[in-house]
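Working notes, beginning with the structure itself.
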Amino acid sequence: MPVADLPWPVPFEHSFAERLPGCYQPWQPAPVPAPRLVLFNRALAEQLGLGDVATPLLAEFLSGRQLPPGARPIALAYAGHQFGHFNPQLGDGRALLLGEIRDTSGRLWDLHLKGSGATPFARGGDGKAALGPMLREYLMGEAMTALGIPSTRALAVVATGEAVQRERPLPGAVLSRVASSHIRVGTFQFLAVRDDLAKLRDLADYTIQRHYPQLRAEANPYLALLRRVLEGQAELIARWQAVGFIHGVMNTDNMSIAAETIDYGPCAFMDRYDPATVFSSIDHGGRYAYGEQPRIAQWNLVRLAECLVPLVDDTDEEHAIALLTEELNRFPDVFARHWQRIFAAKLGLRPSSAGVDEVTVSLIHRFLELLQKEAEDFTLAFRRLASHLRGTDERDLGLEPIPATWDPWLQDWQRHIDATGEDRRRVAARMDACNPIYIPRNHLVEEALAAAQFAGDLGPLQALLARLEDPYTARADSIRYSQPMPTDWGPYRTFCGT
Ligand code: AMP
Ligand code: MG
């Protein structure tokens, strides 16, 4: 039979299940009455070699009503610090890993269902997911991917035909998610808290082999593992900061060892620039506020380092701690290096071989202070600067001229740009290529989700997705997608995706 005629043309691998017994429970998805494919990520499906699977079969396979041939579903175990409090037993309460598949370029991906029924890790939860939050995760993952930010991605959202009970009954859905892996800081914590050194070493070895194979040659691969995760997370968070993304629930169980954005719950993009911005309704103390994200990432990495102590040196704990601490202490510098480089580019400035110069760093900080003082829209501010540099009126693209209050900063910035000798229009073009004009604005996301959930109308969601998939190209027909939230809208509150 030609491959395309097979019901499921790609073989599953089960490296996690085979290598890491004790880190999961085999489990079956709950039956769903009437699966219906709501969103399907065709580009991702093609990348995975799944482009030719027939739609009715996709609804069956990606809702868990039937298992795709070769799938061996498991619920992953993990622990985690949630808002600073340790819970030794979390795990996939409503999710299952079907297995791993290789994409057309040979890269291995986890294929995972979310909302597929209660597992032994459900802790009283119903194991289900509502359509709205699953569509939200789809949208956010695609937006982040188009922004060049490492992220898990949704393959599909399938409505189950079943109501899930929240504050009121809501339509149920299953999200299928693709990730480099689902290994979290909390996966390490799960084994470390159980003092299972052999399994912990297996997990670290597996992680290195899967994500960072070059580390096997290092003198101390486990120390190098912390370094690599730290570097990946520092860059990831710098990229979040650069687009105003607020994850909202940076618990250690929601931090990926592969340094991808994972577990979209109460996340949202910041409108006006304010480092204290928090959207999540449960984040009362602002622990996961925009401006706290770098500090929290480092805090989470300290938790990972604690797990690695016996692997780094199993005879001399103090020595292991000293080595790991030295790595952890690099975080602020590594983060600052990425942050400065990315924000310099947002302002059209290029680092020299020695890095970002002091004048540029001070321009970045002064600009952010200005945005905060003037309560300016973060996303549009950078596009307006580029527009100003071009010297053309771009109000037809929704870009308002810059107010006189920016003048002192503006003059310093332009002087610095002009000193490079580069043509202003070229600088502006470079800025536009790294400053999105379309982000998932909260009022648009809510509008699209309400239409999809309660009126069965996917039009607004598709229209929004189309802009988010090409976030840097300003379109004259799309002003409503770039404009700040209406003044009578908000304050915005988000909820965990339960
Ligand atoms: P989250 O904050 O969404 O990452 O979830 C934290 C933990 O709660 C994870 O272990 C989830 O699997 C679990 N969980 C969340 N919602 C549910 C649900 N409806 N049923 C069972 N477990 C859930
Ligand atoms: Mg989670």
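Cβ atoms are placed via backbone N, Cα and C, with glycine included.
Automatic, uncurated: that is what TrEMBL annotation is.
DSSP assigns Arg177 (ATP binding site) to a strand in the three-state reduction. Taken from TrEMBL, the feature ATP binding site covers Gly91, Gly93, Arg94, Lys114, Asp126, Gly127, Arg177, Arg184, Asp263.
Residues or ranges marked as active site, proton acceptor in TrEMBL: Asp253. Cβ environment of Asp253 (active site, proton acceptor): Tyr78, Ala79, Gly80, His81, Gln82, Leu90, Arg184, Val185, Gly186, Gln189, Asp263 lie under 8 Å away, each six or more residues apart in the same chain.
Per TrEMBL, Mg(2+) binding site is recorded for Asn254, Asp263. In the three-state DSSP assignment, the secondary structure recorded for Asp263 (ATP binding site) is coil.
Closest to Asn254 (Mg(2+) binding site) in space, going by CA atoms and restricting to the binding-site residues Gly91, Arg94, Asp126, Arg177, is Gly91. Selection of the recorded positions Asp126, Arg177, Asp253, Asn254, Asp263 by a Cβ distance under 6 Å from ligand 2 yields, in sequence order, Asp253, Asn254, Asp263. For ligand 1, the nearby binding-site residues are Arg94, Asp126, Asp263; that is, of Arg94, Asp126, Arg177, Asp263, these have a C-beta under 6 Å from one of its atoms. Within 10 Å of the Cβ of Asn254 (Mg(2+) binding site) there are 23 other Cβ atoms, across all protein chains.
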